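Structure first, then comments.
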């Protein structure tokens, strides 16, 4: 417990002193206001607490898989259809939880496009079998933005075993095996990674499947809210084959003078003929933007 920091509550009375395990997720100011992690609070006496209003809006739906396509070598875009007339009332940057029953999944059954199969063969991934003997629940950020109604879009990276003694990712293995028409149970919405209502410059930094909340935020700001705040998006990938939604972000940059986006490749391939930024994205944004920024501390990240 205490590792994800998602179960924040405000304790008005009771609950005892805040624990060291909580301080990595809660600032000193928040602690003074009674903020705690519910999983770390021992209930020994009567308590009074305050919950965010959004919690009471959490619902559960059985969705249908519309598509489950590779967007990169190890990343799928899972697109789910909500029941007719239903919608998830979420804020950009929010997440849902997805349920998986006990299952046995053979990686050989995954639908992987030919252009990506070479890497899967190289690492022997099609030989993996994921056996899960209990129900599993995992959280994923939504890649769609609130005005994309009636559906849920997720970017999921397969969690392959780091060694022979460690099992494959229970949920990612389940998700990678989903096919159009399959039924999936989700619940939500949840989240705290929301844009603040200020005029501050926004700097979005992400890589890999971390694309999901970036897409949600940026599309929401530019397509729905029509913000004029200065915005930049810095995305890291291994090679051009691992970059997705490129045409969408190119179009947004062309349509909005206040938005630019940059890609940095850590391992560009010879056929990429890459002339852009290279290296890891956190180093690239520092060296090429934040190092000489007038007031990086004033930006919203």
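Glycine is treated like the rest: Cβ placed from N, Cα and C.
Spatially close to residue 7 ([2Fe-2S] cluster binding site) yet at least six residues away along the chain are 37, 38, 39, judged by Cβ distances under 8 angstroms. Annotated [2Fe-2S] cluster binding site per Swiss-Prot: 4, 7, 39, in sequence order, evidence recorded as sequence analysis.
Feature annotation from Swiss-Prot assigns domain '2Fe-2S ferredoxin-type' to 1-45; the stated evidence is sequence analysis. With a threshold of 8 Å between CB atoms, the same-chain residues lying at least 6 positions outside the domain '2Fe-2S ferredoxin-type' (1-45) that come near it are 51-52, 139, 190, 192.
The feature domain 'FAD-binding FR-type' is assigned by Swiss-Prot to 58-196. Taken together, the residues of the domain 'FAD-binding FR-type' (58-196) have an average pLDDT of 96.
Annotation source Swiss-Prot lists region 'Catalytic' at 199-301. Here the region 'Catalytic' (199-301) is broken down by DSSP into helix, strand and coil counts: 47 helix, 23 strand, 33 coil.
Helix, strand and coil residue tallies for the domain 'FAD-binding FR-type' (58-196), in that order: 22 helix, 57 strand, 60 coil [DSSP].
Between the binding-site residues 4, 39, the minimum number of other C-beta atoms within 10 Å of a residue's C-beta occurs at 4. Note: the [2Fe-2S] cluster site is recorded as 4, 7, 39; in the same chain, 1, 2, 3, 5, 6, 37, 38, 40 also have Cβ atoms within 8 Å of that site's Cβ centroid. The secondary structure of residue 7 ([2Fe-2S] cluster binding site), as reduced to three states from DSSP, is coil rather than helix or strand.
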